[in-house]
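Colleague: For reference, the structure I am asking about is given below.
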Amino acid sequence: EQYLGKMPASFKMIAALLGDLDDSDGRGKVHFRWDSSPEVRNRTAEHVRRAFPRDDPEEPVGVLIVTWENMAARGTPGRGDGLDTKVGSGIEKGTAPNIAVKVKAFLVGLCIGKNLAIRYVFSSFLYPTRKTNSGQNGVWVYEIGSSPIFVAITPGMVTTLPEEDAIKPPVTLSPRRSEKPQVVPQETDESPTETPNEYRPITAEYAEPETEEPDYPEYPESETPTYTEPERADPRYPEPSEPRYPVVEPLQPTVPETTEPRYSPVQPRYPEPAQPVPPRSRSQQPQIVVVDEDENLDVNVFAYNSETCALNRHKCSAFADCRDYSNGYCCHCRPGFYGNGKDCVAEGKPQRMNGKVNGRVFVGNSPSPVELSNNDLHSYVVANDGRAYVAISNIPDSLGPSLQPLSSLGGVIGWAFALEQPGYQNGFSLIGGMFSRQAEVIFQPGNERLSIKQQFTGIDEHDHLVVSTELEGRVPAVPLGSSVQISPYKEIYQYDTNLITSSSNRDYTVTSPHGGGGAQTRSYQWRQTISFQSCPHAEAATAATQQLSVDQIFVMFDADNHLIRYAMSNKIGSAHSDLPEQNPCFTGRHGCDINAVCRPGDGLRFTCQCATGFNGDGRYCHDVDECRETPQVCGPNAVCSNQPGTFRCECLSGFVFASEGRTCIEETRPVDHCQRGSHDCDAADRALCSYTGGSAFVCSCLPGFVGDGRVCQDVDECQQDRCHHDAFCSNTQGSYNCQCRPGFHGDGFQCRPREKTPCERHRESAQAATSSSGIFSFFRPRPAVGQYVPQCDRHGAYEPTQCHASIGQCWCVDASGQEVPNTRTGPGSTPLCIDQAVTPAPVGPTPRPDVHPVAPGTHLLFAQSGKIEHVPLDGYDIKKEEAKPLLHIPDRVVIAVAYDCVEKMVYWTDITGPAISRASLSGGDIIPVITTELQSPEGIAIDHVARLLFWTDSMRDTVEVSKLDGSQRRVLFDTDLINPRPIVTNPAYGRLYWADWNRDGPKIEMSNMDGTDRTVLVKDDLGLPNGLTFDLEDQQLCWADAGTRKVECMDPHRRLRRQIVEGIQYPFALVSFGRKLYYTDWRREAVVAVDRHSEKETEEFLPQRRSRLYGITTTPTLNGR
């Protein structure tokens, strides 16, 4: 905060916090070039001369020019210029800098001397443009010398302007004193992906604020100033002679941006209408610096123009040529094609349009709307006669008849491909296939209103125009079975830069079914605005007004197929001529093939010419198979696919299109070094490699080791007194073992003295039978010479073979130490004895000291990479401070977890084995359950009543079942499954539920536990149903969907579905406990609690080690919560 936005610093720093730039968000760009042109070298020398007038600097041999745009200092939330992540958004709460400037690029130039040493640095936008150290506002020069250490940094000496420059108009600070506060337009999150038209790194958009703070209008906290959108405003674009720094002006009509910017962003932007934000207290309010329109601060140190055809040819259509202009480039369709250059289609070729229709429409006086959700819209246009056909599917009977008057719902494609009269152009010829359309319909006499919004996103890979449509409002009711006739009409289109408007009145007649109600003539007013992005560099040759004539209108609602159909003929021509053209090419009555273009001649003469991509005489045209006639048309590493009138190139697997969009190059895919084994982490038995996306990974030492993950050393736990004081500790790699000393029993962590066995008492008595006299009597007992002393094993039992060394004989004994008859042997031989003792189970060290018993009560168990953690619940609240690991499995990836409340065992699936395993909550070893015929087990469920285990395998595409010990395994389902993952049981009803996150058809299914009565329970409005849980008390099935970003629940018996929360990020697994739902979230790397009753998120738990969380379950008792 001390230096951001407050340069120059008081010490020798040139670019505060900008020595290490970050472009990981994909928005920023860095450009650099070496320039040794005389113009640049002379300009460099002049800057140095003005900054150091007393010196005699050497002539530079060149300049290294570095320009960066939308870059951030690594590790900081903003770019270092006070803008954070959005230009002009510096007034947001929490921003560190106190200067908010409209800047999009920085520039640093390095002056290279004759000895190739860096001598001077030029900088702009890092410092205020109203100050200087070089005699020119906005230009800052530093001499840094030729040493590689650069310790003698000297700033320029001239901090004042020459007299002729000092009299320039002053810079005005905003907000200006006016009736309305100025609003800084905010950019959308979708930053343009194209390189800006021209890099002018020094513009007059940044001005140092005066020491006196400007006055801000005061707003009460409860009020927010409102903005009234003007009905129409003429967009203004700078002429070549105008200065190229935009000014903050009142907001223009909104033009929604398309997915991809159509042209370079030289023209003014059309932001969404914004509410001015009331300023906070004056001490916190950032200053927004704006330059007046007549300000002319020329601080352009070095220009950088990258908006040329050489760099942007690939942005034009394959059927267009790129043409350079003084300020940028434009695309122009070649002869035989028409469009705006970015989208070009063949003349005469029929055109198709596909899309979806959504929205809510009220019919008549109905209080409830008819919902439209992704209804298909298809359209077809015979381009050489202007006839358009439109159909919308799945329209219910309650709405279909009332949509018949709205022929223009799909009529925009009629305008786009209308039959052109001489000297006039249809919509696609002018603006291509990327535009937005907003229309308002007012019906008379009932004054019903309907809003239509359509977004056209260009031509897809199938050569179809793509559109999305939204309807909102009310239409007058038309009875089912009624027919509608629409009279021919004419509509005037007014053309402006990036904006087209039209309006008209339309009459239609409704004839009731069976003729009972007669015919009624009604009307509606139609107003529409079409917004688009044109190329600003080429002169537009479009008439200011054109007239669309529409006749032969046919509409009907097909109740049997629930289709609404429209058809109409469209012509575009003069708004003033009343004499229609008679040439068949302009009337559409020519008889040419539908894949041909009609070429007019003198009088009524004409010729038919097949469209590009077709052969024939024009009366009959057939498709040309370019793939067969020119096999190498797509080049190497590509496959050619023929389509009507054209062809399509697709790159082979492992290849992608290069930036020019034509050549297939080898794909540079992100590499999972952890999976490939190409990482530099320590060995797998000492370290864990964790994939973090892209080609990145992190190394971490496993429990029992310390280090940076690349070098891990064993921790000697025996030095930490981990074992009981009556136990031996033995260190192992990554772990340790505790074993009680002889005479004690326990697990090594707790040791208690144990009673002596008969063998040990027998041995002790034999050893005690010694001579008690003599000076050595106080030493340990020794047996008398010739005395037999029994041998005991480490558990205190008699060794099965006993020997008496004094007499040289051995014999076998039973468990009580009694000699087995006829087993005694003489010296030199030993009998073969059978161990008849039942050795007690070892109570020594637990096989895995990393399994920690769980305290009584309900816990959440969740999987995180190579471990399962548990965290207790206090009621429904997560006791975050008591979270501990339950089980470490460092070389495994645990996906799903389940809990058996009868035997208090936790079960889990592991995709690295792959395997299904279990372990007791009270500690102990890991027990394999299923280890064969698995590929990717991702879901697991327990039926604690029938003692059954269910699981899903997303690679085998199966749902399977077995006993809890893995026996009696069988496949329940192996058909109609793509990506099955979560699975849950309802033991009370013997039901089974699972979800398949197949992206082409996600669904939730159910069946009986024996595999009968398989049914699809949910298939609509699903995206990626990752998590699934069943509440036994409320009989509610709930799921978390990473596609729709919702948590929903359903009563599977009554099929009642309701939404719990929406707007979540990326849920993976879900579990129900009482009124709460707990889910793991990959993006938040957290466990999130949701209250089902209040339908709100209530809590978040972030594990100490941050990484993706997988499965989650609870450990309730048998008798409930």
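Every residue number used here counts from 1 along the chain in the order it is shown.
Each residue, glycine too, has its Cβ placed from N, Cα and C.
Please treat TrEMBL annotations as automatic predictions, because they have not gone through curation.
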Colleague: When you check TrEMBL, which of CYS803, CYS812 turns out to share a disulphide bond with CYS810?
Modeller: CYS803
Colleague: Near the domain 'EGF-like' (670-713), which residues from the same chain, at least 6 beyond its ends, have a CB less than 8 A from one of its CBs?
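Modeller: Cβ under 8 Å, 6 or more out: 733-736, 850, 865-866, 885, 888, 890-891, 1107.
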Colleague: Restricting to the same chain and to sequence separations of six or more, state which residues have a Cβ under 8 Å from that of CYS810 (disulfide bond).
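Modeller: For CYS810 (disulfide bond), the qualifying residues are THR801, GLN802, CYS803, HIS804, ARG824, THR825, SER829, THR830, PRO831.
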Colleague: What mean pLDDT does the predicted model reach across the domain 'EGF-like' (714-750)?
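Modeller: Summing pLDDT over the domain 'EGF-like' (714-750) and dividing by its length gives 85.
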Colleague: Have a look around CYS803 (disulfide bond) and count the other CB atoms within 10 A of its CB, chains all included.
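Modeller: Total other Cβ atoms inside 10 Å, all chains included: 16.
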